Structure formats: structure tokens, C-alpha cells
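*Asks:* Quick one: the structure is below, questions incoming.
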Amino acid sequence: MTRVIHTGDTHIGYAQYHSPVRRQDFLDAFGAVIDDAIDGDVDAVVHAGDLFHDRRPELADLLGTISVLRRLDDAGIPFLAVVGNHESTRGGQWLDLFERLGLATRLDDEPTAIGDTAFYGLDHVPVSRRDDLDYAFADHDAEHAALVAHGLFEPFGYADWDTETVLSESTVDFDAMLLGDNHTPDVAQVEGTWVTYPGSTERASASEREGRGYNLVTFDADAADGDDCVAIRRRALDTRPFVFVEVELREGEGESRVRERVREYDLDDAVVLVTVTGDGDPVTPAAVEAFATDEGALIARVADRREVEQDAEVDVSFADPEDAVRERLDEMALSEAALDVDETVRAETVPDSNVRDAVKRSVEERIEDLDAFDRGEAAADDGDGGEPAAGNGDGDIDGSDEIGDGDGDKADTGDKSDTGDTDPSATDGQVSMEDYL
């Protein structure tokens with residue numbers, strides 16, 4: 001018999017609502033899973049991807065994760081994982097670093113035996129590259145087999161990956177698929193194989209109203225259910241409370257009514273999300289949010305869903321993005337060499353995997369011509385020193401922090417050598433894999 005905790009989508013480092021407290025919440029939730037694993041003396045912890053929220057986690061998040069994994073390692077419990085779309089890089093993966101430290105095992109097409117079960121891994125692979133997959137896995141001599149994968153698989157919501165194809169083309173007969181990417185916990189059977197998501201360990205968006213948790217999965221050939229050798233049980237996590245306040249305003253009602261409804265709830269250290277519908281008078285979100293935090297909420301957000309009548313029609317048009325890029329390049333007054341690099345990066349004829357080499361060749365060819373690196377003259381002086389435009393507003397409760405159940409951020413992943421879509425050598429003030437590997 002083999003008992004494992006199946007978790008995923010921990011999104012460590014996510015400063016939801018730009019809050020450092022929420023950032024810590026995501027790490028704490030992962031720590032709670034590991035504590036349960038140690039207390040329950042499970043055979044392994046299986047993580048189905050998106051350990052981190054970003055491919056460039058901050059140092060504090062890395063150190064915190066290492067500290068948690070060391071607790072698990074000290075207890076003699078293996079940590080098995082795959083790479084998700086949020087954390088993947090073009091070069092080495094953070095999971096590879098943890099593997100070098102002896103704190104994790106990155107699952108792949110070779111079996112990793114835990115008890116009487118062989119575990120395999122499938123990193124996130126973008127839709128455009130899935131036709132190249134052959135689902136060829138090495139043989140095993142264990143009693144059971146499980147595939148750990150990151151993606152949106154059928155028959156669940158937002159699916160773009162055919163589970164039946166994976167199972168029928170795989171060279172291994174899997175008893176279970178332990179999945180990550182969909183933040184909603186669910187379980188189903190496909191062609192006799194159990195397929196399950198544990199959901200995220202912290203609420204990463206306003207749509208994730210149900211409690212957070214993980215799966216406890218048992219593989220047992222002697223199970224009482226006869227041929228069904230896989231048992232999946234849901235375990236809850238004690239995470240920061242979210243308070244959802246729905247306010248439908250009648251004609252003549254306004255901010256005072258919203259405050260009355262908010263006051264009906266226990267707001268202590270909670271994330272409070274207020275949704276206003278109906279008719280009624282205008283409501284100032286900032287005033288309601290300040291009221292909620294004064295009443296004890298950690299964070300408050302107000303979304304007014306009411307339609308606002310416009311006195312005049314709004315004419316919206318979209319500029320050609322290529323024209324906008326060219327105009328901005330003219331304003332930046334780049335050198336000839338820099339313009340060559342820009343052309344190489346944006347050229348459709350250069351595959352993503354070859355961009356870095358092509359840029360290197362372009363710079364090497366011009367290195368002797370120092371004049372090529374002199375800045376040109378701007379086509380027009382914008383007068384503001386190139387200050388970037390203002391950011392977008394909070395159109396939803398979560399604003400720009402919204403993730404959603406099915407993540408739209410699809411980075412190139414799929415194999416250990418090329419799993420991202422961003423050059424890790426770029427410097428943005430955060431730690432990169434090349435600083436460690």
C-alpha cells in the first residue's frame with residue numbers, strides 16, 4: 001500500500017492584492033500541507049505544478065520554500081513534483097535546484113518508485129506543442145502507476161487537453177492521473193483511470209469560494225472495493241478567511257446600506273470582497289473598503305456590477321500594435337545595433353529557441369563598429385523622458401491580481417531542456433536560475 005498527499009497550485013510568492021501578508025499566506029498554506037504530511041507519516045508528497053506563482057520568485061520565497069522542504073526531508077518523506085506553466089523558465093527549473101539540494105525529485109518519463117507505486121511526470125506543455133508528444137514512458141515493475149501532470153484536462157472545466165488521448169497513447173497503464181492547473185478540486189474516472197485535481201492551497205482569485213485543501217491518495221491492491229485499488233480522500237486546510245458580501249441595492253439605497261450589510265459579517269483579519277448589484281445611488285468603493293478595514297478586515301475590495309448609463313456614445317478604436325511599436329522605437333532613439341537586435345527578436349522567421357543565438361551573432365558582427373552602438377536621434381521628443389503609461393485599474397474584485405480557475409498564462413513547458421518562454425538571463429532585479437545552476 002502507498003499513501004501520498006497530492007497537492008499543487010501553491011503559487012508561492014503571489015502578493016495577492018499587492019499585500020505582503022497575502023504573499024506569506026501562500027507560503028504558510030504550503031507549509032501546512034507539509035506539516036500534515038509529516039504528522040500523517042505519508043509515503044510521499046506529490047506536487048502537480050505551479051509551486052511558485054512566478055518564474056522569478058523573490059529570494060525570501062525561495063528560502064521559505066527550502067525551509068519547508070527541509071522539514072519534509074528531515075522526516076524522510078520524498079517530495080515529487082512536475083513543472084507548471086507559472087514557474088517555468090527557458091533554462092533550468094527551480095525544481096532542478098531543489099533536486100540538486102536533495103530536497104525534491106523532478107518526475108519525468110522514468111518511473112520513481114514509492115512503495116508499490118511507480119510515479120511518472122508530465123510538465124506543462126502548451127497546446128501548440130502537444131501534437132509532438134508520444135507519451136512514451138519507461139516500463140516499471142510496481143503494482144500500480146500514477147501520472148502526475150500539469151494542464152487543463154478533460155472532463156473538467158476549461159479543458160484543452162484530451163485525457164483519453166493521453167491514456168490511450170501512453171505506454172504505461174495508469175491507475176490514476178494526479179493533476180494540477182485547475183484550481184477547483186474535482187475527481188472523475190476516464191477509461192477506468194481515476195483523474196483528479198486537488199485544487200489550489202490558497203484562494204488565488206475571487207472565484208475560488210470553496211474551502212482550500214489537498215488530496216490524500218491511497219494505492220492498495222488489497223482494497224476492500226475489489227478492483228478499485230485507488231482511494232482519493234479530500235483534506236481541508238485552515239487558510240485565511242474570505243468574506244463574500246453580496247449587496248443588491250434598491251432605489252434610494254446607497255453606501256449606508258452597503259455598510260450595514262458589511263457589518264453583518266465577521267471581518268477579523270479576513271479578505272472581504274463586496275459585490276454591489278441592483279439599482280440605488282452611486283457607491284464610492286474606496287469609502288466602503290476603508291470602512292471594512294476599520295472594522296478589522298485585512299483587505300477589502302468592492303466591485304460595483306451595476307450598469308452605468310452614458311450620456312454619450314463612446315467611440316473606441318485600436319491602433320495597429322506594429323505601428324505603436326515602431327513609433328515607440330523612434331522615440332527611444334535606439335542605436336543601429338539595438339535596432340538590429342529588436343528586429344531579430346520580433347522577426348517571425350526566427351524560432352523562439354534560436355533568438356538568443358541570433359542576437360549574440362548580431363552583436364558579435366557589429367562589435368568592431370563602435371559607431372553602430374551610438375544612439376540615434378528621436379523622431380519626436382515626447383517631453384517626458386520616456387515615462388511609461390499608467391497601469392490599468394481594478395476592473396474586477398481581484399484587479400490585476402486575478403488568476404482564475406484555468407490559468408491563461410501559458411508558458412512553453414514540456415521537457416527538461418526547454419520549458420519556458422522567457423529568457424532567464426534577462427535582469428529585472430529578481431533572482432534567476434543561472435545565479436544558482
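Each residue, glycine too, has its Cβ placed from N, Cα and C.
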*Asks:* Which residue of ASN85, ASN182 does TrEMBL report at the same Mn(2+) 2 site as ASP50, HIS150?
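*Replies:* Mn(2+) 2 site check in TrEMBL: besides ASP50, HIS150, the record includes ASN85 out of ASN85, ASN182.
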*Asks:* Which of HIS11, HIS150 (the binding-site residues) has the most other Cβ atoms within 10 Å?
*Replies:* HIS150
*Asks:* Could you round the CA separation between HIS11 (Mn(2+) 1 binding site) and HIS86 (active site, proton donor) to a whole angstrom and send it over?
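*Replies:* Per the Cα atoms, HIS11 (Mn(2+) 1 binding site) and HIS86 (active site, proton donor) stand 8 Å apart.
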*Asks:* Could you check what DSSP calls ASP9 (Mn(2+) 1 binding site) once collapsed to helix, strand or coil?
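*Replies:* Once the DSSP labels are grouped into three classes, ASP9 (Mn(2+) 1 binding site) ends up as coil.
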*Asks:* Please identify, from the recorded positions HIS86, HIS183, the residue with the sparsest Cβ neighbourhood, meaning fewest other Cβ atoms within 10 angstroms.
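*Replies:* Comparing Cβ neighbours within 10 Å for the recorded positions HIS86, HIS183, HIS86 has the fewest.
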*Asks:* Please state whether DSSP places HIS150 (Mn(2+) 2 binding site) in a helix, a strand or coil.
*Replies:* strand
